[in-house]
Amino acid sequence: MSLWHKKSRKVQEKKSYYTVSYWEQIRLCTIRGFLRIYGDKSYTVINTCAAIAQAFITGSLFYQAPSSTLGAFSRSGVLFFSLLYYSLMGLANISFEHRPILQKHKVYSLYHPSAEALASTISSFPFRMIGLTFFIIILYFLAGLHRSAGAFFTMYLFLTMCSEAITSLFQMVSSLCDTLSQANSIAGVVMLSIAMYSTYMIQLPSMHPWFKWISYILPIRYAFESMLNAEFHGRHMDCGGTLVPSGPGFENILPENQVCAFVGSRPGQSWVLGDDYLRAQYQYEYKNTWRNFGIMWCFLIGYIVLRAVFTEYKSPVKSGGDALVVKKGTKNAIQRSWSSKNDEENLNASIATQDMKEIASSNDDSTSADFEGLESTGVFIWKNVSFTIPHSSGQRKLLDSVSGYCVPGTLTALIGESGAGKTTLLNTLAQRNVGTITGDMLVDGLPMDASFKRRTGYVQQQDLHVAELTVKESLQFSARMRRPQSIPDAEKMEYVEKIISILEMQEFSEALVGEIGYGLNVEQRKKLSIGVELVGKPDLLLFLDEPTSGLDSQSAWAVVKMLKRLALAGQSILCTIHQPSATLFEQFDRLLLLGKGGQTIYFGEIGKNSSSVIKYFEKNGARKCQQNENPAEYILEAIGAGATASVQQNWPDIWQKSHEYANINEKINDMIKDLSSTTLHKTATRASKYATSYSYQFHHVLKRSSLTFWRNLNYIMAKMMLLMISGLFIGFTFFHVGVNAIGLQNSLFACFMAIVISAPATNQIQERATVAKELYEVRESKSNMFHWSLLLITHYLNELPYHLLFSTIFFVSLYFPLGVFTEPLGQFGLLMHDKPVRCSKKELSLFNPPVGQTCGEFTKPFFEFGTGYIANPDATADCAYCQYKVGDEYLARINASFSYLWRNFGFI
């Protein structure tokens with residue numbers, strides 16, 4: 001790699017901020033892209049399985065399509081739906097997941113963002129080809145498409161190019177947008193354009209001039225033309241079932257007295273040439289096939305280049321620093337003091353500084369009245385706890401016979417080198433790990449019951465909260481969900497105010513949580529995370545995972561001092577912490593030190609000025625700790641923490657043989673014996689999984705969900721604009737569809753497009769649902785706050801009114817431009833039921849009756865069982881036949897009927 005770097009730096013510009021050349025950046029990012037995709041194999045497997053399933057479903061619907069004129073529309077449909085499927089799959093590539101990382105790496109001058117954009121295209125292509133290859137092989141032969149190598153590989157080539165071009169198009173749209181909601185809204189309109197202007201739904205001759213140009217700037221139109229040419233070129237399609245007149249009484253009719261009622265037919269000819277069909281229906285020519293290949297390359301390269309350019313020069317969303325956002329109508333000192341961006345930043349800084357001074361000046365040996373009532377009431381003991389997970393080589397033990405306890409009024413630190421199992425132990429003790437767990441975990445000497453999770457608090461390392469709620473609302477929701485329903489609501493709210501006062505959150509209690517950079521800062525979020533657990537009034541234990549991570553020294557000091565005050569008030573706290581300073585380390589009462597493999601190295605008192613723990617290590621062979629040395633760093637150095645560190649002593653073995661270990665074991669056994677004999681029997685309320693009833697949970701979860709929807713204006717506006725613009729777009733695409741045969745088809749496809757819009761609309765819902773699901777799985781479900789079904793039900797109930805309103809706007813925007821009915825009753829009926837059809841001149845099929853008969857006389861027996869009508873029944877030549885008389889006859893061709901209306905309503 002160093003040789004590559006040396007060669008690359010030779011071609012670097014002198015003023016470049018990057019250490020390697022642009023091409024080397026692409027190469028390295030491509031390798032990383034392959035590794036990233038390989039590491040997430042499930043995504044590729046799921047996409048491939050979905051493609052295979054879709055191929056079987058679509059192929060079975062069009063199974064062995066007839067080679068006659070009856071199968072022409074079906075064959076076109078197979079090709080179109082294959083293109084549509086991979087166009088819809090392109091929507092999945094609209095993602096903002098990696099954008100923060102990309103912007104961070106750009107600031108560090110690691111590589112050009114455009115290099116990553118190009119690399120992602122290169123690295124993802126082979127994996128997308130896996131599913132596409134299975135898809136086309138299965139679909140092609142199930143549908144019985146043209147059995148020739150040339151036609152097969154032409155379809156394979158153009159489907160691949162169209163898939164890549166559409167994917168690049170959506171990625172280009174994504175690179176232009178600031179939020180996922182914006183990207184999904186724009187992509188929804190683009191998706192409509194792709195579906196409607198592929199020329200399958202509305203053909204070039206039927207397009208209105210104001211939108212016809214769209215078909216020429218979309219790659220799917222050229223791919224569809226080439227695939228149709230490969231399928232129909234030179235094909236002779238017999239007029240199976242479409243010869244008019246035919247049937248009883250017309251067995252011995254002459255060919256010149258019949259016509260094939262199909263697009264592209266010729267008088268007196270009982271078959272239709274595929275090229276004539278394409279020319280008459282789509283205005284397609286076979287000679288354009290390889291011209292389109294060149295055009296597809298232009299689209300593909302153009303979209304990739306534009307995406308790279310937009311990614312390179314797109315400025316990140318400017319948040320203006322950590323600025324508090326106060327909800328409207330709040331009379332708050334913070335809100336009144338805001339006059340400019342600088343004022344906001346200065347105010348936030350002054351609040352943080354004030355918090356530091358107040359907490360730092362607090363007395364370690366006493367607590368204020370605010371801290372009364374926070375004490376824990378139980379003792380938590382774990383003995384010989386081991387945790388094992390399945391591994392490729394068998395079983396892997398992450399924790400090895402760890403013992404310890406937490407009693408009220410103590411602050412216990414859980415320390416160890418990286419990978420020693422600190423978080424694993426915390427999650428295991430909190431009942432949040434899935435694997436093989438052995439050993440004993442006891443509450444007051446008895447096994448844990450179903451109430452354990454809600455009797456404990458667990459502060460995650462990641463601060464996950466509902467962005468649209470205020471700090472106070474977040475605390476109130478947690479208090480209502482985690483404290484028993486029998487406690488009056490006023491008492492719960494009073495306790496929330498108490499926690500706000502304890503954590504010094506009064507100044508921002510009415511501020512919205514928001515996002516990082518536009519909402520609470522890191523310290524404020526950490527306080528909120530702790531507060532959310534404290535308002536549940538955990539009467540057993542408070543777990544914290546790296547509460548000082550991401551904080552500066554002042555903020556870390558504030559958090560640890562606050563934890564110390566909670567411990568002095570009687571709270572039992574177990575906290576993992578990574579390399580604390582000497583000042584922070586001395587705030588803890590007890591230490592649990594883990595080594596490699598999750599083995600215990602020390603558990604016991606820290607002592608004044610860390611004297612107890614230092615004495616233990618010095619007497620067991622560690623070097624003497626210097627007077628001004630950080631005890632935490634000294635301990636980690638003594639046990640050989642680090643990838644390259646080495647140590648002669650076997651500290652886990654020393655601990656197992658030490659006098660301290662024997663004393664701890666004896667104390668644990670005595671505690672179990674004494675506590676189990678004096679513990680009162682558990683009440684039904686304590687033993688229950690949830691603190692509140694299902695109906696109580698439903699009420700408050702629904703209320704919270706309603707607030708999050710109401711305050712997310714971007715989401716609501718994006719949804720409304722998507723449906724309104726889509727309705728107008730579809731309506732004016734099929735503007736005044738008319739009452740001819742093409743009008744019937746256009747009416748059908750207008751209805752179909754109204755359904756297709758559900759794909760981008762669903763993507764919008766998925767954005768919010770994913771955030772809510774992540775919060776529930778990571779924090780709320782682990783604390784038994786409410787039943788999982790309420791997350792789905794309340795989300796649906798809150799989406800429903802917005803969808804009803806915006807769907808009405810969509811319907812009005814679509815219905816009137818279509819001009820389907822002129823009577824008000826038609827607004828509530830089906831589009832085609834009993835609708836008279838009047839074919840246009842080019843839709844009429846012409847044939848001559850026998851000499852001496854009029855067209856009406858000649859065809860009278862045919863219409864006793866046939867469909868359609870004769871436009872000129874009194875003529876003696878050039879009988880003009882229209883194959884549909886009313887819309888129901890068109891519906892019958894696709895096995896649809898007005899009588900199915902209420903049956904289908906029941907299915908839905």
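Placement of Cβ uses the backbone N, Cα and C atoms for every residue, glycine included.
All TrEMBL annotations are machine predictions without curation.
As written in TrEMBL, here are the features:
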DOMAIN    380-622  domain 'ABC transporter'
TRANSMEM  45-65  transmembrane segment
TRANSMEM  77-96  transmembrane segment
TRANSMEM  117-143  transmembrane segment
TRANSMEM  149-170  transmembrane segment
TRANSMEM  182-202  transmembrane segment
TRANSMEM  293-310  transmembrane segment
TRANSMEM  713-735  transmembrane segment
TRANSMEM  741-762  transmembrane segment
TRANSMEM  804-822  transmembrane segment
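Contact counts against the transmembrane segment (77-96), taken as Cβ pairs under 8 Å, peak for 149-170 among the stretches 45-65, 149-170, 293-310, 741-762. Long-range Cβ contacts of the transmembrane segment (149-170) within its own chain (Cβ-Cβ under 8 Å, at least 6 residues beyond either end) map to 79, 82-83, 86-87, 89-91, 93-94, 121, 125, 128-129, 132-133, 136, 140, 187, 190, 194, 219-220, 223, 226-227, 230-231, 289, 292-293, 296-297, 299-300, 303-304, 307. Between the transmembrane segment (182-202) and the transmembrane segment (804-822), fewer than three CB pairs separated by 6 or more residues in sequence fall under 8 Å, so the two stretches do not touch.
Tertiary proximity for the transmembrane segment (741-762) is limited to same-chain residues at least six positions away from its ends with a CB under 8 Å from its CB atoms, namely 88, 91, 184-185, 187-188, 191-192, 195-196, 201-203, 206, 719, 722-723, 726, 730-731, 733-734, 810, 814, 818, 820, 831-832, 835, 837, 839-840, 843, 882-884, 887, 890, 894. Over the domain 'ABC transporter' (380-622), the average per-residue pLDDT in this prediction is 88.
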